[in-house]
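**Q** Dropping the structure in here first, questions after.
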Amino acid sequence: MAEITAAMVKELRESTGAGMMDCKNALSETNGDFDKAVQLLREKGLGKAAKKADRLAAEGLVSVKVSDDFTSATVSEINSETDFVAKNDQFIALTKDTTAHIQNNSLQSVEELHSSTINGVKFEEYLKSQIATIGENLVVRRFATLKAGANGVVNGYIHTNGRVGVVIAAACDSAEVASKSRDLLRQICMHIAAMRPSYLSYEDLDMTFVENEYKALVAELEKENEERRRLKDPNKPEHKIPQFASRKQLSDAILKEAEEKIKEELKTQGKPEKIWDNIIPGKMNSFIADNSQLDSKFTLMGQFYVMDDKKTVEQVIAEKEKEFGGKIKIVEFICFEVGEGLEKKTEDFAAEVAAQL
């Protein structure tokens with residue numbers, strides 16, 4: 001049995017919002033496995049999904065560079081020790097120059113970057129001189145570049161505070177449609193920066209992930225229903241528990257069965273068959289929406305668009321395809337947040353938490 005420390009309990013509590021004893025018990029039941037403890041709490045309806053932001057620590061900036069012809073988009077992250085330096089004009093210039101250098105030289109790795117030449121000197125030496133001038137340790141943590149294929153287009157967006165950057169690539173069926181899609185892609189990048197989808201579409205979801213999230217979703221809804229039954233508020237009816245959580249689960253057979261049920265309902269209601277074709281599509285869309293809640297939470301195409309929350313990103317793209325007269329397929333997106341995935345430094349809070357256990 002792994003030792004369950006106060007620090008572990010506090011981290012789990014801050015990540016999930018669950019009670020302290022619930023967190024301690026979850027860690028005990030999962031032998032100290034953080035991710036399994038999160039899942040256990042969620043299946044019991046006691047906590048929310050762990051937020052990536054709860055585990056961010058580093059300071060620094062994310063930078064984005066899009067080529068003038070919209071065929072190459074690069075995003076990079078350079079870390080500093082303090083937020084003060086991250087606002088330094090020289091550091092800001094360093095991040096922009098480095099990102100442009102990466103793109104202009106088609107660099108593929110941090111190691112390749114350090115051995116490259118910039119302004120006549122090795123980048124490694126150039127960075128050391130910047131460190132000496134700025135007065136803090138600086139680290140090029142990561143970068144990535146997306147390239148447009150034939151009739152493709154890329155774009156990017158950097159949030160005003162420089163902590164979040166996004167690049168995106170799309171394939172189109174003509175150069176004209178690709179050119180018209182530039183602004184759309186930038187707006188979708190802004191959506192990604194705000195909503196942080198984890199996947200492109202439901203097709204990218206792992207079935208085990210879907211099944212685990214479905215259990216957590218049902219537990220959460222049942223817990224809310226229990227509270228609504230207790231309050232007996234007529235303005236807050238109970239949630240309908242969905243059969244499924246993602247379009248990944250909606251096979252052709254399941255969709256066919258749902259359609260047949262709708263037809264039976266229409267027949268029972270005495271609706272004439274000649275108007276069924278006008279009713280069935282809307283009811284099928286409602287069925288899919290009710291049973292794909294994970295898609296709207298985790299996937300870009302399934303999320304409601306921040307600039308028009310009555311439409312999904314997928315629907316917005318479909319409308320633009322009609323307007324532009326051609327196909328637009330989002331191929332890939334990359335979103336960097338400063339410090340994402342880095343562990344926090346240990347703080348002196350163990351005694352405070354231990355006193356409550």
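The backbone N, Cα and C atoms fix where each Cβ goes, glycine too.
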**Q** Any idea which of 82-85, 186-189, 238-241 is down as region 'Involved in Mg(2+) ion dislocation from EF-Tu' in Swiss-Prot?
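**A** Range annotated as region 'Involved in Mg(2+) ion dislocation from EF-Tu' by Swiss-Prot: 82-85.
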**Q** Restricting to the same chain and to residues at least six past its boundaries, which positions have a Cβ under 8 Å from a Cβ of the region 'Involved in Mg(2+) ion dislocation from EF-Tu' (82-85)?
**A** 59, 91, 134-136
**Q** Helix, strand, coil residue numbers for the region 'Involved in Mg(2+) ion dislocation from EF-Tu' (82-85) per DSSP?
**A** 3 helix, 0 strand, 1 coil
